[in-house]
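Undergrad: Once you've had a glance at the structure underneath, I'll fire off some questions.
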Amino acid sequence: MQKKYVVALDQGTTSSRAIVFDHDANIVSVSQREFTQLYPNPGWVEHDPMEIWASQSSVLIESLARAGIHSDAVAAIGITNQRETTIIWEKATGKPVYNAIVWQCRRSAEICEQLKAQGLEDYVRQNTGLLLDPYFSGTKIKWILDNVPDARAKAKRGELLFGTVDTWLLWKLTEGKVHVTDPTNAARTLLFNIHSLSWDSKLLEALDIPAAMLPEVKPSCSVYGTTRIAGEGSEIPLAGIAGDQQAALFGQLCVEQGMAKNTYGTGCFLLMNTGSKAVRSSHGLLTTVAVGAQGEVNYALEGSVFMGGATIQWLRDELGLIRDASDTEYFASKVADTNGVYLVPAFVGLGAPYWDPNARGALFGLTRGANRNHIIRAALESIAYQSKDLLDAMIKDSGVSLKRLKVDGGAVANDFLMQFQADITDVEVLRPSVCETTALGAAFLAGLAVGFWNSVTELEHKACIDTHFKPSINADYRQQLYAGWQDAVARTRS
């Protein structure tokens, strides 16, 4: 049977999805299933690994059935996943010893403080590109080994395996034959040396983690094993893996130095490809691993805006200024500007490049003439200003000028926001036809690995741009607007 399709498994924080793409990178079928979020204690977040697997395997079957596609027509399956989330299971039985500890979980903060007290903070920054923070996998592994009965003894006997979600899915799909991850996921564990591209023995020793638990690291674009869907049909190659943000970067074909993408979700995730050079940030950005045009390791700078779409949710749910997020474009366009109003949405502090956890949200510039439309417009503009803050930091750190910004995520449907993003950053903003860029990245990696597509050059004809947003304001006005934002941020922090 002719191989006509590639399937991307997109395992996210709240749901598991399977998306079927054809040879022209069109979406043929989508299936999605949410799963349970567990909050056993304040600040703790867990998932049931078996529920992750059940939801992911069921949507894989469902996505093909929904489109009437036989599994024999599938050329390959790619995986993209929520990063950092930590699973440990028994090698012999495949049974998890504890729930998955999710990236958002803060329970291992004390372990991070212990590592800082040991003077490891700079070593971690230099060799992993990360900050010593509970966000990453390493301290979560140590917590499980320290707190689950017999876990440490079993680990030392070589009876336990660790994996991020990609590794867990690969293990289950191959019925325990393959224990592998890729560099983009390994780079989020706090245990991976991004320069030598190997597990770091000093950090394993500091966290008392046996190396035998860790998966083998293989390229993001390669064949890891095979699977049969629901035990039927021929063996399908499992052939591409990348963490969600790096998958989106590849899906946008940001495969060369200076290419960047911004994913507009609840927050915003910005990544800039820095090529073969790992750039250490002086602005609090993370240095991480990305995927190059040939599937090779590239490096990237990564930063996140805490309040992106969440700011619009606040307008809707707490202030009642809008009924639906899409209303913001209409109301923002009803006024020529914000009438001097700035919203700094520091509801949970400010992230990079400010790193001020004590900053709090504020509205500035309110006069008697300020109305609802001005506040709504200021909220949208705040997303673009925060993204500019990060992009400027990336440009300063890397010394690379940014020519264009690729965008994806739910908020890119907002033409006003996209145009203002182009105006305030003075770069062209490109919105793709297929906004499912995370899944598309996994599909591209899988398809390239098995020869379904031949090269990134071929993919450039598949990943079509829907809209080009070009800067439309002059430099003086741009500087005036941004100076107002910087002043508002400074006041928020004082």
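For all residues, glycine too, the Cβ spot is worked out from N, Cα and C.
Given the structure is predicted, the values throughout are model-derived calculations rather than measurements.
Pasting the relevant annotations from Swiss-Prot:
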- Thr13, Thr14, Ser15, Thr266, Gly309, Gln313, Gly410: ATP binding site (BINDING)
- Thr13, Arg17, Thr266, Gly309, Gly410, Asn414: ADP binding site (BINDING)
- Thr13, Arg83, Glu84, Tyr135, Asp244: sn-glycerol 3-phosphate binding site (BINDING)
- Arg83, Glu84, Tyr135, Asp244, Gln245: glycerol binding site (BINDING)
Undergrad: How far apart, in Å, are the two Cα atoms that lie farthest from each other among Thr13, Thr14, Ser15, Thr266, Gly309, Gln313, Gly410, the residues recorded as binding ATP?
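TA: So the maximum pairwise Cα distance among the ATP binders is 20 Å.
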Undergrad: Any same-chain residues 6+ apart from Gly309 (ATP binding site) with CB under 8 Å of its CB? Would you list them in sequence order, or say none?
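TA: Once residues fewer than 6 apart are set aside, Gly309 (ATP binding site) is near Tyr264, Gly265, Thr266, Gly267, Ala325, Ile383, Gly409, Gly410, Ala411.
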Undergrad: Across the listed glycerol-binding residues, Arg83, Glu84, Tyr135, Asp244, Gln245, what is the farthest Cα to Cα distance, given in whole Å?
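TA: Among the residues the record ties to glycerol, max Cα distance equals 15 Å.
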Undergrad: At the level of the C-alpha atoms, what whole-angstrom distance separates Tyr135 (sn-glycerol 3-phosphate binding site) and Gln313 (ATP binding site)?
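TA: It is 24 Å, counting Cα to Cα.
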Undergrad: Using a 10 Å cut-off on Cβ-Cβ distances across all protein chains shown, tell me which of the binding-site residues (Thr14, Ser15, Gln245, Thr266, Gln313) has the largest neighbour count.
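TA: It comes out as Gln245.
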Undergrad: Listed binding-site residues are Thr13, Thr14, Arg83, Glu84, Gln313; which of them have CA atoms within 10 A of the CA of Gln245 (glycerol binding site)?
TA: Arg83
Undergrad: Specify the secondary structure state of Gly410 (ATP binding site) as given by DSSP, simplified to three classes.
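TA: Gly410 (ATP binding site) sits in a helix per DSSP.
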Undergrad: So what sits near Asp244 (sn-glycerol 3-phosphate binding site) in its own chain, CB-to-CB under 8 Å and at least six residues off in sequence?
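TA: Long-range Cβ contacts: Asp10, Gly12, Thr80, Asn81, Gln82, Arg83, Thr438.
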Undergrad: Can you tell which of Arg83, Gly410 has the most other C-beta atoms within 10 Å, given these are the binding-site residues?
TA: Arg83
Undergrad: Just counting, how many other CB atoms are there within 10 A of the CB of Asn414 (ADP binding site)?
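TA: Asn414 (ADP binding site): 21 neighbouring Cβ atoms within 10 Å.
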Undergrad: Quick one: give me the count of other CB atoms within 10 A of the CB of Tyr135 (sn-glycerol 3-phosphate binding site).
TA: 20
Undergrad: What's the number of neighbouring CB atoms sitting within 10 A of the CB on Arg17 (ADP binding site)?
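TA: Around Arg17 (ADP binding site), other Cβ atoms within 10 Å: 23.
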Undergrad: List the same-chain residues at least 6 positions away in sequence whose Cβ sits under 8 Å from the Cβ of Thr13 (ATP binding site), in sequence order, or say none.
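TA: Thr13 (ATP binding site) has long-range Cβ partners Gln82, Thr85, Val102, Trp103, Gln104.
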